[in-house]
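**Student:** Take this structure first; my questions come after.
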Amino acid sequence: MSDPEDNIGETSIRPRILYASIFVYVSLTGGRFLSVLLQDAGLSDSQIGLCFASSTVVQSLCSSFSGSFADDYERRHPGLGRSRVLLCGILMSGALFLLQGLHHVTTIPVVSTVTWHVVLRVLYAASTSFVWPVLDGITLDYLNEHSDKADFGKERLHGAIWWAITNLIMGPSLDRLGFSILYLYSIVSLVAVAATIHIFTNAQLASRQGQRRRQDTGNQLGHDTKENIDVDTSAKDSVENQGNRELPLPKGLKRQKSHVVPTDEEDNEVKEEEEAPDKPRLSLVSIGSMICGTTTGAAFMFAVFCLAIGMAVVEQLIFLYFEVLGSSYTLCSLTVLLTVLCEIGLFAYGPELLNRWGPIKLLLLAGVCYVLRVIGYSLVPQGQPWFVLLFEPLHGITYACASISSVDFVAQLMPSGYESSGQGLLHTLRGFGSVLGVLFGGIGDDWLGPRTVYRCLAAVVTVGLSVLAVTSSLNDTRGGRYAMGAVTEEDETVNTIQSCASLELVVIEEKDIG
């Protein structure tokens, strides 16, 4: 049985509290009701689409940099770097959202309402680019130290739960009090996020200090043992002088090397490791080549890109369509509840799903559910918005499976210390897909109508799924998480060796270039 002290900080304060508080905050400041808030401010569907597209472009461009910056800052300030970057991103985005609410209390004489909202949303997106990849990096780093990266879904689950709770509160509040109440809620959530980041960071620092104390105690015991052995050198010499014979051991036991007292050779190896220069830092191009360096990896990321095009319209513009059907804000909040109820089970059993099916099959399932859902949306009759509740559970499957599969696929390819960098590139790819989606969705709603838009998006996602399915079928002999099958111990070993080999090649190439 393990020492209870060895588990300090592992289960008491976990990243799930960060997901819970941050999802509450984002649902208030940038969730599904944002499109309706902008419409209330006087923006047309095309202008809303342009606003979202501009914001997503900035967020996509900044995500890769923010993830890499957070990893570098964490190396300089262990235990504090990523948390500080995360907190700065939250505080900046919160201040920008509160500025956005000025149009409710006064007229902005310098710029038009449209320009005011677009500029603030773009700056908000730049700030939140320091939130998502950094938050995922913090979680993966924690799981890599205390658990397994496949448990990511169990942490992310708590964000989904509080996303649903917040939207349930927002719907009736908006129907009765209007959009001004969002700004009051956002102030409270900002304080809560800052508090949870502080609590989580202090807990992790305390845990690491406890581990260092235990290591120091072990080292001191080893030193004392060595001194005790040195005191008895005369007895040892007498034994060696008697024909260099070793003392007899009981029958059935073998003589083993001491794990307490290092030899001179082992001391030299430790010193060489301590004095070895730091390995060159991997560039974003090198990290990208590790993700997309195979046909399966490239096809997987292409499918993620196509699915991001479709999901962006659903995530950011769907409430506009619900309003066209005659929905109230309360009904909109109920759609979120149904979505999250399906997400909860999938996030909770994320590790089992990954081990059984692998990320590729999960992503294919996410895409199929998306296609069925948006086609169903396009068939809902006018004036009967309650029919959309029949299709909302499919979005829960899409969102959960897409999140679990993509995060795990990238995380398994990243070396230690580059968790945020890998997730930053993933967010960048999704972001570029989202840009195309919201541009097409916003302009298409005005020109083609929402029903035609959703049918077109179903075709786009189908293309991405087809490419992934064909490519993974051709490469299915490889097995493991990087093909169609489930993961095995042999696959884990092979993939680890291949990832380490590719990392060494990248490091060697960068040394040569330097």
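Note: Cβ is positioned from N, Cα and C throughout, glycine not excepted.
Positions annotated as transmembrane segment by TrEMBL: 17-38, 85-102, 180-205, 299-322, 328-350, 362-380, 452-474. What TrEMBL lists as domain 'Major facilitator superfamily associated' is 22-455. Annotated region 'Disordered' per TrEMBL: 208-277, in sequence order. The compositional bias 'Basic and acidic residues' annotation in TrEMBL covers 223-239. Look at TrEMBL and you will find 263-276 tagged as compositional bias 'Acidic residues'.
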**Student:** Would you call the transmembrane segment (362-380) and the transmembrane segment (85-102) in contact, using three or more Cβ pairs under 8 Å, pairs 6 or more apart in sequence?
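**Tutor:** Counting Cβ pairs under 8 Å, fewer than 3, so no.
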**Student:** Relative to the transmembrane segment (180-205), which of 17-38, 85-102, 299-322, 328-350, 452-474 accounts for the most Cβ pairs at distances under 8 Å?
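**Tutor:** By Cβ pairs under 8 Å, 17-38 leads among 17-38, 85-102, 299-322, 328-350, 452-474.
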**Student:** Are there three or more C-beta pairs under 8 angstroms joining the transmembrane segment (17-38) and the transmembrane segment (452-474), sequence spacing 6 or more?
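**Tutor:** Contact criterion not met.
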**Student:** Mean pLDDT over the domain 'Major facilitator superfamily associated' (22-455): what is the value?
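**Tutor:** PLDDT averaged over the stretch: 82.
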**Student:** Near the transmembrane segment (17-38), which same-chain residues lie under 8 Å Cβ to Cβ, leaving out any that are not at least 6 residues past its ends?
**Tutor:** 47-48, 51-52, 86, 90, 93-94, 97, 117, 124, 128, 131, 135, 138-139, 155-163, 165-167, 170, 174, 179, 182, 185-186, 189-190, 192-193, 195-197, 199-200, 315-320, 323, 329, 332, 336
